[in-house]
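Before any comments, here is the structure.
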Amino acid sequence: MASNNRFSQSRSNLSNNSDVPEPGRPPVPHTVKFARRTSSGRYVNYSRDDLDSEVGSVDYTNYTVHIPPTPDNQPMDPSISQKVEEQYVSNSMFTGGFNNVTKAHLMDKVIETETNHPQMAGAKGSSCAIPGCDAKVMSDERGQDLLPCECDFKICRDCFIDAVKTGGGICPGCKEPYKNTDLTDLPDGNGQQRPMLPAGGGSKMERRLSLMKSSKSAMMRSQTGDFDHNRWLFETSGTYGYGNAFWTKDGNFGSGKDGDGDGDGMEPQDLMSKPWRPLTRKLKIPAAVISPYRLLILIRVVVLALFLTWRVKHQNPDAVWLWGMSVVCELWFAFSWLLDQLPKLCPINRETDLQVLKEKFETPTASNPTGKSDLPGLDVFVSTADPEKEPPLVTANTILSILAAEYPVEKLSCYVSDDGGALLTFEAMAEAASFANIWVPFCRKHVVEPRNPDSYFSLKRDPYKNKVKSDFVKDRRRVKREYDEFKVRINSLPDSIRRRSDAYHAREEIKAMKAQRQNRDDEPLEPVKIPKATWMADGTHWPGTWLTSSSDHSKGDHAGIIQVMLKPPSDEPLHGVSEGLLDLTDVDIRLPLLVYVSREKRPGYDHNKKAGAMNALVRASAVMSNGPFILNLDCDHYIYNSEAMREGMCFMMDRGGDRLCYVQFPQRFEGIDPSDRYANHNTVFFDVNMRALDGLMGPVYVGTGCLFRRIALYGFDPPRSKDHSSGCCSCCFPRRKKKNHLPEENQALRMGEYDDEEMNLSLVPKKFGNSAFLIDSIPVAEFQGRPLADHPSVKNGRPPGALTIPRELLDASTVAEAIAVISCWYEDKTEWGSRIGWIYGSVTEDVVTGYRMHNRGWKSVYCVTKRDAFRGTAPINLTDRLHQVLRWATGSVEIFFSRNNALLASPRMKILQRIAYLNVGIYPFTSIFLIVYCFLPALSLFSGQFIVQTLNVTFLVYLLIISITLCLLALLEIKWSGISLEEWWRNEQFWLIGGTSAHLAAVLQGLLKVVAGVEISFTLTTKSGGDDVDDEFADLYMVKWSSLMIPPITIMMVNLIAIAVGFSRTIYSVIPEWSKLIGGVFFSFWVLAHLYPFAKGLMGRRGRTPTIVYVWSGLVAITISLLWVAINPPAGNTDIGGNFSFP
């Protein structure tokens, strides 16, 4: 087997150094081995040695993956075994972790229904005809049996090897010698010869690293000492993949001046004169819009400064306390507005050219004669944690939309992180992989959008519009029927798993009772107690979380699990046939790699929630597929635009794209009420703020719908970071080069851009952990993520055709290594979570992770596609929305009190970008001043005073100018961003609702946590009003009481009562002061108008609020008003009612 190689024999420089113990430290003797289960049920010792408590006493554990030869595991020619080994891997569930043997459990079936796709785990196949052997017959990419003898005797891979090596090559069926003993040369089901695999010389990582080993001689260096890629391209005959940038007939480059060429070649100057087509371009905002916008910002800043100066100088001697509170609040509001507005000075739009992307990467050229895709690999991460809160059907639909995306199948991999370790999620993913056999070819054949089946079949528009194929109606009807059955299977899984587990448990109890009777003949029997396990479809224990939790099988205590649901596809397209449910002639039926991952969890370890799960996926995917780019999606965010991945790749592969850390897509939501009562669409943030940040260093990372560059997640600095000095005065006063005295967080962690400036290799295990395979994958991911060097102006590029070679096949040792890197102990004493990967320590780990990348000098871009890239769901219930905002605001407060505060940013971050991140940490504190300001109108009405002594002309003019400039700025923002006025107003309303409730609670939480170390939480209590299951928006009217509602309710009640009191006071006073009443009432109505959606949410369903509620509310307000006037009558009048009398 290919997996028999000792991976420690030959490593790259990175891993060689990582295995060397530090000076003064004794060598660590631990060696990790792995075991796999054979078809006969025995475990071959191929497992991780038991680790005792000594692991905690050593800093870093060195280990290698070693597969010793045993009677069941004899060395053989790698060319024979690689594809059969991959088939074995896809049918096995790998489990393991700390102090556990890593086992490969052969799955006879993954789900109770039959699976027919050849890539899927547990796919249906013939059994070996050798007596006593229950293994599956070898199969090809189509799932058809590989029969090595003309007599068609069915034989499995192990029995065939035994027949060749020990049986003299005689077929057990016809007793004739095999004519061909090489599995790779066996014909497939169509009679065609299977292609030979690449030579198996050297280790797997050696073959993967061969891309990096080029002839970088001294003549290939520029004057600065950097490796000159362009000179290498045009002055040597070195090649990557199928060829170089230009491939002449005789292999020479030039125009034949030296007599060797025939004049067909091209020189660098010829390429310089050739027009170069970019993949993306900026669309600047028209000057007629952006110039007045900037001018208005300047005008408003000046007016605010003059107004605040006037307010400070002109006190109200009658109510100094009221004047003082109002001035302090207004000063903070001006500062907060400035932080929010300054980063909006340079908004831009962008667009991509998918046609150019296709021409550069997927069109036959001299460097890529076959036209195979030269796009880099892409790993998609989907995270879920609890199948009760995140329905498996929603997650399954997200997976199906990913598998059907328009990206090269062999370059696409999907990893599902189940942080709850639930069998329900596992079997739902297996059902999704099975249904993908029908859904994905249907999408490719008829080019349907969206490719989430639930959304597609729920479309209200005509599904038959623009469909030209005659069999579309028939195919759609059949697929719709299959999807309905798929939904029934998914929704019935909880009951199915429970019934199955109960049946197996009863059987185990009966067995235990029988055994007890046999051992104790006459003694009284005690009740048999057996842990109630959760059972898989193949009749074995589920290694993850059981329905009835027990030791080693609970949410916080279970082994790591990896199951390859769909094995890697073949490198060449695999067309379907006309037989079966659909006519798939000329349709590629391959499916992308799909892997289920549940990281190991043990008591006593901080697993760091979603950030920890994402980092586990980063490491597992680096070992298994190592795509240089990573797209992360929440389980309820599906791909709405099948071309979205290509649009994001346009930015990464464009000139200068190697300095981009991520491409952020906007979040779009479905299932929101038409009026968007609580601003769930959040369009002001996604279409105004994010576009504005795109004109600086790029948008912030918002947690989902983000395409990452893998090496940026690894904590490396961007290429050419020394050439890009930043700071507001870098042009006029360039910094002198000096030693870097920045803190550890800001220091460069370089890769091989400069050959003489590599990172300290002895520190690699301390940073990334001790997986040599993971460390060796880093330079490969860096190289494969570079843009094409198709023009001399492209720096740090890779040659065209470099990524057209087939990807490495999966073997058991690779998956076993992946089990090791998702173990709970792997991150101990490494920099995962502190510098590398998703950053720990904050509820909003997404913002902090993006901030760290920008802080190192990386840039990001905002990709707004014509058709929404992704769509998801958002809470439309008031309480759920408030708790969502509470979590965001709490994360912002944590950021403010941490070293991720933008005030401590490095000089590489631009000043306006720093202001934007500063605003992220400061905005919750506005709630303190906002809640005070919302009570000021009521206090004014109660006291009969106002924030100014008189409503003079100066105050009114300032107020008018400030209001008009605010409205004009809003209109111009609407103009250049494309949002509607109603969306802007909804955002303003919810800003005040959230500011007086969730933001205030977040500040309280943050201060208590920082000062006293006390953590509090706000929980839901009662529910009412959501009993109409037929209403799509029934959840909108559900009232779930929360303590977050107390401040807004108090503000509304106090202002309503104050208005009544103010009117009563003015009417009953001898000399009515109408100016003060108007001022107080105006601001009270301003507060109440913003809180109107909140009040509407408290009323529940429209029309269901009893009339008596309004009557009693009015009576209570009038009674309190009269009581106030009686207690505190107007000056100079002691009678209740004053001189007022009815005519």
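Even glycines carry a Cβ here, placed using N, Cα and C.
Automated prediction, rather than curation, is the source of TrEMBL annotations.
Just so you know, the Cβ of ASP419 (active site) picks up 22 other Cβ atoms within 10 Å once every protein chain is counted. The active site feature in TrEMBL is assigned to ASP419 (among others).
In the structure as shown, the Cβ atom of ASP846 (active site) sits within 10 Å of 24 other Cβ atoms. What TrEMBL lists as active site is ASP846 (among others).
The UDP-alpha-D-glucose binding site annotation in TrEMBL covers SER383, LYS389, GLU390, ASP419, LYS609. Residue environment of SER383 (UDP-alpha-D-glucose binding site) contains 23 other Cβ atoms, counted within 10 Å of its Cβ in all protein chains.
Under the heading Mn(2+) binding site, TrEMBL lists LYS610, ASP634. For ASP634 (Mn(2+) binding site), the count of additional Cβ atoms within 10 Å of its Cβ stands at 22 [all protein chains shown].
As annotated by TrEMBL, compositional bias 'Polar residues' applies to 1-19.
Under the heading region 'Disordered', TrEMBL lists 1-32 (among others).
Residues annotated as region 'Disordered' in TrEMBL: 182-206 (among others).
Sequence-remote contacts of a segment are chain residues at least 6 beyond its ends whose Cβ falls under 8 Å from one of its Cβ atoms, and for the transmembrane segment (287-308) they are 327, 330-331, 334, 337-338, 341, 344-345, 347, 958, 961-962, 965-966, 968-969, 972-973, 975-976. Residues annotated as transmembrane segment in TrEMBL: 287-308 (among others).
Long-range neighbours of the transmembrane segment (320-339) within the same chain, counting only residues 6 or more positions beyond its ends whose Cβ lies under 8 Å from a Cβ of the stretch, are 301, 304, 308, 311-312, 915, 918-919, 922-923, 926, 929-930, 932-933, 936, 939-940, 943, 945-948. What TrEMBL lists as transmembrane segment is 320-339 (among others).
Marked as transmembrane segment by TrEMBL: 916-939 (among others).
Annotated transmembrane segment per TrEMBL: 951-972 (among others), in sequence order. Among residues of the same chain six or more beyond the transmembrane segment (951-972), those with a C-beta under 8 A of the stretch's C-beta atoms are 289, 292-293, 296-297, 299-300, 303-304, 306-307, 310, 341, 981, 984, 1075-1076, 1078-1079.
Annotation source TrEMBL lists transmembrane segment at 1049-1071 (among others).
Sequence-distant neighbours of the transmembrane segment (1077-1095) (same chain, 6+ residues past either end, Cβ-Cβ under 8 Å): 677-678, 878, 934, 936-938, 940-941, 946-948, 951, 986, 988-993, 996, 1045, 1048, 1051-1052, 1055-1056, 1058-1059, 1062-1063, 1065-1066. Positions annotated as transmembrane segment by TrEMBL: 1077-1095 (among others).
Residues or ranges marked as transmembrane segment by TrEMBL: 1107-1127 (among others).
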Among LYS389, GLU390, ASP846, i.e. the recorded positions, the one with its Cα nearest that of ASP634 (Mn(2+) binding site) is GLU390
Could you check which of the recorded positions (SER383, LYS389, GLU390, ASP846) sits closest to ASP419 (active site), going Cα to Cα? SER383
Note the Cβ centroid of SER383, LYS389, GLU390, ASP419, LYS609, the recorded UDP-alpha-D-glucose site, then list each other residue of that chain whose Cβ lies within 8 Å of it, in sequence. THR384, ALA385, ASP386, GLY420, LYS610, ALA613, CYS635
Taking only the recorded positions SER383, LYS389, GLU390, ASP846, which one has a CA atom nearest to the CA atom of LYS610 (Mn(2+) binding site)? SER383
Of all C-alpha pairs drawn from the UDP-alpha-D-glucose-binding set SER383, LYS389, GLU390, ASP419, LYS609, the farthest apart lie at a distance in Å of 15
In whole Å, note down how far the CA of ASP846 (active site) lies from the CA of SER383 (UDP-alpha-D-glucose binding site). 14
Fewest other Cβ atoms within 10 Å: which of the binding-site residues LYS389, LYS609, LYS610 wins that one? Let me know. LYS389
With every protein chain in view, how many other Cβ atoms are within 10 Å of the Cβ of GLU390 (UDP-alpha-D-glucose binding site)? 18
Write down the Cα-Cα distance for ASP846 (active site) and GLU390 (UDP-alpha-D-glucose binding site), rounded and given in Å. 20
Can you tell me how far the Cα of LYS389 (UDP-alpha-D-glucose binding site) sits from the Cα of ASP846 (active site), in Å? 21
